[in-house]
Amino acid sequence: MITKTITLNTGACMPEIGLGTWRANEEGLLAKTVKTAIALGYRHIDCAKFYGNQREIGKALKEVNVPREQLFITSKIWQNKHRPELVPGALDEILDELQLEYLDLLLIHFPYALKPEKATKEFTADDLENVPIMDTWKAMEALVDSGKVRAIGVSNFNKTIIKKMLPQCRIVPAVNQVEIHPYNPSSELVKVCQENGIAVTGYCPLGGTKVSVMDDKLIKKIAETHGCTPAQVALSWILSRGITVIPKSTNELRLKQNLEKVMLTTEELDLISGIKKREHKVDPRLDLKELEWVIHDDIAECPLI
Ligand SMILES: NC(=O)c1ccc[n+]([C@@H]2O[C@H](COP(=O)([O-])OP(=O)(O)OC[C@H]3O[C@@H](n4cnc5c(N)ncnc54)[C@H](OP(=O)(O)O)[C@@H]3O)[C@@H](O)[C@H]2O)c1
């Protein structure tokens, strides 16, 4: 079953369901997963420099018998490459790891920069660097001109940052990839993005390993009614909002189930939208008060635009 697509503001088609690859880096298992996923009909693979597994994904992509133009490959630059002069090299490194000539989509992984020597996720306030987002974005725009990326976008950008960026962009971000699931619907952010032609991709659409969305009573009950899994209910609710999803699984049955959308009734969709519980898996601030602005999108001043 080949997944349906949505049309990005570039005119390109992006499959509405993609394969997440974070923490799927057990040697050998990831390559097998990518090949299985593609055989099942996945055409969108979500990668990132930070996941440390792009070389294995690249090797698997070389071994599948699907033409490059039928695949949609996303990756993300890490925060230590935000200086504009480092952005082209960051893309070249990603292309080298994935063994590709071009990416379909390149994202800025988080809206703040780290010093170039900081390649890991563990960092303190001393490792932060003041690189204005628009400086990085202009370097991303130049990558589109180079032909090495077909579309550019952002990730973990709140609505205040998006609104401040938009008037300064030559190329409007094609995608904002953010955490979306029934316990973190981010309705206002989604509205701002969609009203401005920015497609939203939901990461951790099943709540990841930390958030208990799949144990939610209501979601389980709706799943029973449809004879499907809670995961399918959660994914179908996100898709119904025009948001694309990138669930991660290394299990063949679950990979297959995650591709099978369920037609939920309007009443069921409304009930899920009405869930009040709020939990999220990824906290981009890492408890640093210097990064409060990254999540509190009611703060008028975003220092780094
Ligand atoms: N941009 C960002 O900052 C960012 C942050 C986080 C994630 N992401 C991207 O989003 C992707 C998805 O997020 P995620 O991996 O954190 O979380 P997720 O996809 O919400 O959940 C993955 C977990 O759910 C399990 N699972 C998958 N399908 C299932 C099913 N049908 N039934 C029951 N359990 C199921 C998986 O286990 P099994 O593998 O055993 O099935 C895994 O433990 C990542 O892989 C990554 O590509 C991006």
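Even glycines carry a Cβ here, placed using N, Cα and C.
Copied over from TrEMBL, here are the features:
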ACT_SITE  TYR51  active site, proton donor
BINDING   HIS109  substrate binding site
DOMAIN    16-275  domain 'NADP-dependent oxidoreductase'
SITE      LYS76  site 'Lowers pKa of active site Tyr'
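Distribution of TrEMBL features across the structure.
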residue: TYR51; record: active site, proton donor; DSSP class: helix
residue: LYS76; record: site 'Lowers pKa of active site Tyr'; DSSP class: strand
residue: HIS109; record: substrate binding site; DSSP class: coil
Which of LYS76, HIS109, all recorded positions, has a Cβ with the fewest other Cβ atoms inside 10 Å: HIS109
Averaged pLDDT score, the domain 'NADP-dependent oxidoreductase' (16-275): 96
Whole-number Å value for how far LYS76 (site 'Lowers pKa of active site Tyr') lies from the residue listed as 'active site, proton donor' (Cα to Cα): 10
LYS76 (site 'Lowers pKa of active site Tyr') to the residue listed as 'substrate binding site' - Cα separation in whole Å: 5
